[in-house]
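For B:21-416, the entry in TrEMBL reads domain 'ABC-2 type transporter transmembrane'. As annotated by TrEMBL, transmembrane segment applies to B:20-41, B:226-244, B:275-296, B:308-328, B:340-361, B:368-388, B:400-419.
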Amino acid sequence: MLETVNLKKVFKQNVAADDVNLYLDQGESVGLLGPNGAGKSTTISMISTLLRPTSGDVKWHGKSVIKNPNEIRDVLGVVPQEIALYKELSALENLKFFGKIYGLKGKQLDKKIQEVLEIVGLTERQKDLVKTYSGGMKRRINIAVALLHEPVIIIMDEPTVGIDPQSRNYILEMVRQLKEEKGMTVLYTSHYMEEVERLCDRIYIMDHGKVIATGTKEELTSILSSEETIIVDFDRPYPNLVNKLEKNESILQVTETDNGIKLIVPKGSRQLGTIFNLAEKEEAQITSINVQVPTLEDVFLHLTGRKLRD
Amino acid sequence: MWSFLKKDILVLFRDKTELAVLLLMPLVLTSILGFALGGVMSGSTEGISSSVAFVQKGQTEQDVKRFKEEVKQLPIPDEAKAQISEAVDSFQPVNVITDVFNSDEFNEMFQIKSMNETDALSALSNEEVSAILIVPEDFTYEALRKMVLEQGEGSELIVQTGDHSSFSASIFEDVIEIIINQLNLGSAIAKETGEEGVVPSFENDSSELGDVQSVTDKKPMSPLQYYTFAMGVMFALYVGSTMAHKGYVENFQNVFNRIILSGKHPMMYLSGKGISTMLLVFIQLVILFTISVLVLRSFMMDDIIEWAGIALITFVYAISIGSVGALLTSITMRANSSSITGVFSGGIVSILAFLGGSFVPKTQLPEFISVLGGWTPNGLALTSYLQWSQGLGFDFILPSLIKLLIFTIIILSISLMIFPRKRVV
């Protein structure tokens, strides 16, 4: 339905997006995962016709949207990372303004406004000025505006940044309902692995402007299927112990965490004994130990050597 | 388009700080300047009551005699010579001036003191008089030669004002200028109509003879009235920068992108900004003038024609500031920076206001500044307001209004060229 073909954007000499190829099928939810500065926002700006690519193309049902931007604009709802609203106006006034510029009017506009207000759970507060809203409410009305013209595809650029866990859950549940109950196609960007894991059928992992991995969650984690993750927490940091573990050739990766270390080791290599022995020699007190199957975070770490939030 | 206008008006009217700057500040400044400078440039005829020196260097009778002698030598029929001689007896240029000086209305404003040039200059430097009118030697002779025979270079009346000269001196200069216009025009009409001579009068409405302005039509203006217009045109400029700044915020917060994604052409957005600015300037000035009339009692509300003219000037000025708003929006969007609106509101508005006469009347400024001010939109609007309010007709304000419209077209064209249409796909 929607695909990008070798999409590239160069700002002066910086490559923000480099040969990005991705596609979305009708009704599926696709995640674009990557740390800040990975090129996610640049990519979705090009897809939503707000930024002209340096090269490559975006195709909607096989037709270039670079040449015919209005074809995709009619069916596209974009939720920007910023609160793209007039804060001096009420939610209702904002929705009326954006509804009208989308060509809605009269009873149809009023009906649609009440519908989206219900979706985002702000019917009761519709007459309040946006500037009086909490961060989570602003995010929700930001989404409501993008839903007004009944888009086929909705692109959400980090819609949960900077809000409390309760509002975040509300938004994630709302996105799930849009996909499952309204059949909307969703392109969701985030640097929160758990959001993408929860919402998306397929995932593109981006770093330094490139798509470095793609697939379902299971496909991506299977990259690390021959490995397992051991998380060990200590009462305090033990730098010597970390050094010794790093020198151990049978341990693939050692990363320091807030409370201890995270190790990636070959599956079934029985490294727990080694870890206990070294800890005893360093007189390190282990407070907990946990063996995990790999997560997307581990996949990202494995592919880039960095954490998602770096 | 109405959606854009409604949105811009709502957004601005809910910004209390901006409202205070755009509505409250000009009213406060009008009150302060209007009342504080009441003594300096009082608009009531009682208040001006300033003294003016009148210096007549030549002898009118001798000039007339000399002119008649010259006519006698002309190779024209005796009948024609007699007619000219008779006409000269009934019309002498200097009498037009003295007639004006003897009129009651003029005497309400000015007290004329006849004196010699030395005494007059001394009186001017001692601030005993606010201006000197000098009728040079051979004035009548040269003027008659030019007017009747179309010979020679004519003559000039000299008005001299001092450094301390106030608003009243400016009015006096205006009066003399109109007398000169009357003389020239009266002479031209006389020739055109074949009459012996038309004596433009200070008190008689001579409009039947053509477009002759009567000095009595030019009503004096109070400082309160002056600063109502002066502050109005100045603070209207701030609407342009305010709207452009709102545009920057819209761009910064991706609201502009949202508008573009709705399929609206970027030019629609720019047009919306221009028209919103225009509408807001019009509303702003209507509010300011209304409060000035109702609260400050600066004007009488009795002449519908006068207010129609003010509404016309306001409308044309609002259009020109609409174009300024569009230009600032274009620059702001292209530069993706709000610094230009800061520079405009923080510095350029003050410069334009100074040049345009919002702080002190242009006539009190050095000539080159006054000329420059005549090309600023606020200067043109202020001149139009003042001329119209002083009773000068539509013909007087038309050139300024045309200049404002030309200014608008130029600024709009530049803003269309600058606006970053290609930023989006």
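Glycine is treated like the rest: Cβ placed from N, Cα and C.
Where the transmembrane segment (B:275-296) meets the stretches B:226-244, B:308-328, B:340-361, B:368-388, B:400-419, the count of C-beta pairs under 8 angstroms peaks at B:308-328. For the transmembrane segment (B:226-244), the partner stretch with the most Cβ pairs below 8 Å, chosen from B:308-328, B:340-361, B:400-419, is B:340-361. Residues 41, 167, 170, 226, 230-231, 233-234, 237-238, 240-242, 244-245, 248, 328, 331-332, 369-370, 372-373, 376-383 of the same chain sit 6 or more residues outside the transmembrane segment (B:340-361) yet have a Cβ under 8 Å from a Cβ within it. Note on the transmembrane segment (B:308-328): residues 233, 236-237, 239-241, 243-244, 270-271, 273-279, 281-282, 285-286, 289, 340-341, 344, 377-378, 380-381, 384-385, 388-389, 394, 397, 401, 404-405, 407-409, 411-412, 414-415, 418 of its chain, located 6 or more positions outside it, place their CB under 8 angstroms from a CB of the stretch.
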